Amino acid sequence: MWNALQDRDSAEVLGHRQRWLRVGTLVLALTGTFLIGFLFGWFIKPSNEATGNVSHSGMKKEFLHELKAENIKKFLYNFTRTPHLAGTQNNFELAKQIHDQWKEFGLDLVELSHYDVLLSYPNKTHPNYISIINEDGNEIFKTSLSEQPPPGYENISDVVPPYSAFSPQGTPEGDLVYVNYARTEDFFKLEREMKISCSGKIVIARYGKVFRGNMVKNAQLAGAKGMILYSDPADYFVPAVKSYPDGWNLPGGGVQRGNVLNLNGAGDPLTPGYPANEHAYRHELTNAVGLPSIPVHPIGYDDAQKLLEHMGGPAPPDSSWKGGLKVPYNVGPGFAGNFSTQKVKMHIHSYTKVTRIYNVIGTLKGALEPDRYVILGGHRDAWVFGGIDPQSGAAVVHEIVRSFGTLKKKGRRPRRTILFASWDAEEFGLLGSTEWAEEHSRLLQERGVAYINADSSIEGNYTLRVDCTPLMYSLVYNLTKELQSPDEGFEGKSLYDSWKEKSPSPEFIGMPRISKLGSGNDFEVFFQRLGIASGRARYTKNWKTNKVSSYPLYHSVYETYELVVKFYDPTFKYHLTVAQVRGAMVFELANSIVLPFDCQSYAVALKKYADTIYNISMKHPQEMKAYMISFDSLFSAVNNFTDVASKFNQRLQELDKSNPILLRIMNDQLMYLERAFIDPLGLPGRPFYRHIIYAPSSHNKYAGESFPGIYDALFDISSKVNASKAWNEVKRQISIATFTVQAAAETLREVA
């Protein structure tokens, strides 16, 4: 079990500290008047131990210079030789390899942290597929059972066939209904405007726009008895680019795997809220959290063509329902003309199993503030080879660990403790990170400074993409001004310059875009449940010209090392840039005397979010007046927060940094600010999402929503049966948000 207080290698780590403690004990025994002097010496004078007589900027320069593109390339190659599905021997072997290498790199402590969680696998003897059957029940078409292997991988075993993880077993048959992206608004269009019911039908939807788990939830609410997911060329095939292996587009037989859970931050479905260790109480499977109730299966667009080409019913309501296949995209239900007697049948035989998973946790102890933790984490498990997701991120983490280890071997420790994590079972619902955070939640809430996520390093090669708490805005802006841009046409210019020009903020003129944190990745439990300041960075595509969802080969067998080397980043300059950004964020958070958090950026963001949610509410002016809904209290709280944050920053500028007590007080105020936005009761219906300012959208887990309690209360409010009850809930959520913002402001006031 990971224990941050273990004393391995203590002679090296704490020798200097113990000498001062012995002196301090003697002094205290003589007189208490030397206590303050002792504390000053403890916090300030031993700084040479952390830096080896090298300045902060010099140490950072040395750290960044140590990061090498060729190492990241080598690590990526090594991590993508075989599949690393969670719960398999291959992934366990990779965990042990990373464990051993992190020890070689010089970390003080590296451990494997295991949990027994519910996972889902396809049945090897009864494969999953979809068929079209005639009136006699005979199959006249069936979908592919697997993808064609990419060149060079024909003899690789243990490639899991395409499936939707956690789908229940079942063989439903019936008429097909095309539901576009299966978003909430798509079902509203079908049911309210087109008067088409999905009850008792099998629905087919194209991937994109929203998280697949939300798609399945919407289908269940609409009464569907089964769901088919596919990747449409309009969303996963860029014009003028060839399909893999000749290009980076998705072949017709390529399929996106993925889980279809709706956990809402619960972690392991059998142990929601608590770590899935040997002592855990486990719910029966029938009471598990977040499992879908209808069979679900993914297919490629070649097979989707066969299912959609003879659809009957009305034409698509508008062009946004048409994809890139040569089919009419009729909605159904059922097939037309001579095919009207044919039905669709699903054959789903996947099973769930409690399986052991392994995180790798590495510790680099801080020299001066060992009880303050900065965490860098990314997952290791992959659906198949994981050339981009996750191993492009895992390779970067590996190189960052190596660089910090090199500095440590030279006697240059960080000021604060850095924890490095290789998470398992992220693809199955963020299970590895969530279970570990649940087990150590009290410690993390007390000592966690920040969490930096390190999943896929690239999803394109156009510009930087950052999602983070407003506390980190200034940190990210400042460090990107110090890094060189890898982009063509920006030689000699900073990363900030290219980022600002290619991805300008729609909210703040003259600044690069920074997005809100949603979910779908391992920062979720740290940010949404524990209130630890979080952020992530990667290189992305040009979203203005490249309209496809994510990158085309996402979660397919074709996501290989060769995909990255041939098409995305041949020189690994973008990987190196991402390593520099992630590494510099960790470095600054772990080494800055004053934590590099900016509470005034939070104040600006709160004002923007309050204005936005108010404008949404004013789409219903009559109801706002009738039910006496007012945002005055929220605006007042935001104004108070803004005033207090400004005064806090002024005190911070005047802070005597040689005073360890005052320094610790103000750093703690900064560290705990994110925690102040946490409501222990959570959001309505989503108790593990506890951040009142940010949460994943209820309608798309990938997207972040501000003031989510108010937003959800206002969503589709005109259709609520009990209008008075609905508007009272809006009033209640405004009250909760007001209290939370005001309470957060109180934490920034000068300590009496």
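Cβ coordinates come from backbone N, Cα and C, glycine included.
Given the structure is predicted, the values throughout are model-derived calculations rather than measurements.
Taken verbatim from Swiss-Prot:
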type	residues	note
TOPO_DOM	1-22	topological domain 'Cytoplasmic'
MOD_RES	Ser10	phosphoserine
CARBOHYD	Asn78	N-linked glycosylation site
CARBOHYD	Asn123	N-linked glycosylation site
CARBOHYD	Asn155	N-linked glycosylation site
BINDING	Arg212, Asn259, Glu426, Ser519, Gly520, Asn521, Arg536, Ala537, Arg538, Tyr554, His555, Lys701, Tyr702	substrate binding site
REGION	276-589	region 'NAALADase'
CARBOHYD	Asn338	N-linked glycosylation site
BINDING	His379, Asp389, Asp455	Zn(2+) 1 binding site
BINDING	Asp389, Glu427, His555	Zn(2+) 2 binding site
ACT_SITE	Glu426	active site, nucleophile
CARBOHYD	Asn461	N-linked glycosylation site
CARBOHYD	Asn478	N-linked glycosylation site
CARBOHYD	Asn615	N-linked glycosylation site
CARBOHYD	Asn640	N-linked glycosylation site
CARBOHYD	Asn722	N-linked glycosylation site
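Positions of Swiss-Prot features highlighted on the structure.
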residue : record                      : contacts (Cβ under 8 Å, 6+ apart)
Asn155  : N-linked glycosylation site : none
Asn338  : N-linked glycosylation site : none
Asp389  : Zn(2+) 1 binding site       : Ala382, Asp455, Ser456, Tyr554, His555, Glu559
Glu426  : substrate binding site      : Ala86, His379, Asp381, Pro390, Gly432, Ser433, Asp455, Asn521, Asp522
Asn461  : N-linked glycosylation site : Tyr539, Lys541, Tyr568, Asp569, Tyr574
Asn478  : N-linked glycosylation site : Pro596
Arg536  : substrate binding site      : Ile452, Asn453, Ala454, Asp455, Val466, Asp467, Cys468, Leu517, Asn521, Phe523
Arg538  : substrate binding site      : Gly393, Asp455, Ser456, Ser457, Ile458, Glu459, Leu464, Arg465, Val578
Asn722  : N-linked glycosylation site : none
From Asn123, Glu427, Asn615, Asn640: recorded positions whose CA lies within 10 A of Gly520 (substrate binding site): Glu427
Inter-residue Cα distance where the pair is Tyr702 (substrate binding site) and Asn640 (N-linked glycosylation site), in Å: 31
Arg212 (substrate binding site), number of other Cβ atoms within 10 Å: 26
Top Cα neighbour of Asn78 (N-linked glycosylation site) in the set of binding-site residues Arg212, Glu427, Tyr702: Glu427
Largest tally of Cβ atoms lying within 10 Å of a Cβ, found at which of the glycosylation sites Asn78, Asn123: Asn78
Residues close to Zn(2+) 2 site centre defined by Asp389, Glu427, His555, Cβ within 8 Å: Arg257, Gly258, Ala382, Trp383, Gly386, Pro390, Tyr554, Glu559
Candidate with the highest Cβ count within 10 Å, taken from the glycosylation sites Asn615, Asn640: Asn640
Any further residue of that chain within 8 Å (Cβ to the Cβ centroid of His379, Asp389, Asp455) of the recorded Zn(2+) 1 site: Gly378, Ala382, Gly386, Pro390, Gly393, Ala394, Glu426, Glu427, Ser456, Asn521, Asp522
From recorded positions Asn123, Glu427, Asn615, the one whose Cα lies nearest Tyr702 (substrate binding site): Glu427
Rounded distance in angstrom between the Cα atoms of Arg212 (substrate binding site) and Glu427 (Zn(2+) 2 binding site): 12
Among Arg212, Asn259, Glu426, Ser519, Gly520, Asn521, Arg536, Ala537, Arg538, Tyr554, His555, Lys701, Tyr702, the record's substrate binders - longest CA distance, Å: 23
